[in-house]
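Enquirer: After the structure tokens below, expect a handful of questions from me.
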Amino acid sequence: MAREKFERTKPHVNIGTIGHVDHGKTTLTAAITATLATAGGAVAKDYSDIDGAPEERARGITINTAHVEYETADRHYAHVDCPGHADYVKNMITGAAQMDGAILVVSAADGPMPQTREHILLAKQVGVPHIVVFLNKQDQVDDDELLELVELEVRELLSTYDFPGDDIPICPGSALQAIEALSSNPDVKRGDNPWVDKIFALMDAVDAYIPTPERDVEKTFLMAIEDVFSITGRGTVATGRIERGVVKVGDNVEIVGVGDTQTTTITGIEMFQKTLEEGFAGDNVGILLRGVTRENIERGMVLSKPGTITPHTNFESEVYVLTKEEGGRHTPFFTGYRPQFYVRTTDVTGSIEQFTADDGTIVEMVMPGDRIKMTAELIYPVAIEEGMRFAIREGGRTIGAGVVSKIVK
């Protein structure tokens, strides 16, 4: 049978399930696919299909992630679910699966637990902009007052981490009950079964509350420079992959990073040896720049729309330190450690100024396998922005992954 063509008729949104171990993230993922399959919007997946997630590599780190896709009446979703807690931490920090929003799964029988808190904090730090809550295992709670208490507790916790706790939709239900109802009768329609209806209600909330993200092409232009060469008689060409936005011949752009920011005009764009009038996010292009000498531009700089990105040296970040099994260090490192920070396309040396634990205490030492808040200073300014991912390297091997949470200077 010929492969089906991917029809882009509905807006696309990336989401994922987050929350404490055993609160039902994977069961909920299975329940969503089974529920939407009744309306033709998904292929039902079993728990075991999702839980046996294949390994992937992102920024040199191995992560287990399951990807499922489904559709509601309004949207197409790509949904990511991770089997293990460490996989979540790595996934969120490396941005291997970017989330436009998340479904926080909390067991109504247990209430918020340590990883509930940690995943909310991580979502805040790495820039997951919106959260919808599913209070799972409602069938195990006989007392409505208890359910209200858990809901209140979740709202307070979300507010603690600067999410709008009072406004976030919280949907109660039972993923397992919904799956059982659907496996005994796959033709259940909306309105036939209260547990299945609760999954539909959750997806209504996700449709309504998580906004359709701005597509990469709608954002301001940015391209990290991977290589530079001169074409005799024509000028200097910078090559790279356009990270976001659209760029046209005749546009003015800034060259940012390492030294003073320069402004220039684009006189030509090429892709696969063909000339283009414009390049879009995702394209690998060569951009011909007017009046720029080969000496004034190098790998690691970025081309951007004027005034949209500035070079910085000091930043706060959320970092995951690789274990030795993952190819990281065997020993801890301390404040003052000077690794390389691999930012977009280049290594920049920097020193680690401070480590801070989740509770705000200063930590002197970090062990392989830890997740920590880290303040760093680079030896020269490069184009950095909040939400940007980077790797920490030592002698060419990756020893950590991070995401910028705040620019200091």
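Cβ from N, Cα, C; glycine included.
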Enquirer: Among 60-64, 140-144, 250-254, 345-349, find the range that Swiss-Prot records as region 'G2'.
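Expert: Matching range for region 'G2': 60-64.
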Enquirer: Looking only at C-alpha atoms, tell me how far CYS82 (GTP binding site) is from THR26 (Mg(2+) binding site), rounded to the nearest Å.
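Expert: About 8 Å separates the two Cα atoms.
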Enquirer: Across the region 'G2' (60-64), what does the mean pLDDT come to, as a whole number?
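Expert: Over the region 'G2' (60-64), the predicted model scores a mean pLDDT of 69.
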Enquirer: Return only the integer: C-alpha distance in Å from GLY19 (GTP binding site) to THR26 (Mg(2+) binding site).
Expert: 10
Enquirer: Restricting to the same chain and to sequence separations of six or more, state which residues have a Cβ under 8 Å from that of ASP22 (GTP binding site).
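Expert: In sequence order, the residues whose Cβ lies under 8 Å from that of ASP22 (GTP binding site) (at least 6 apart) are SER107.
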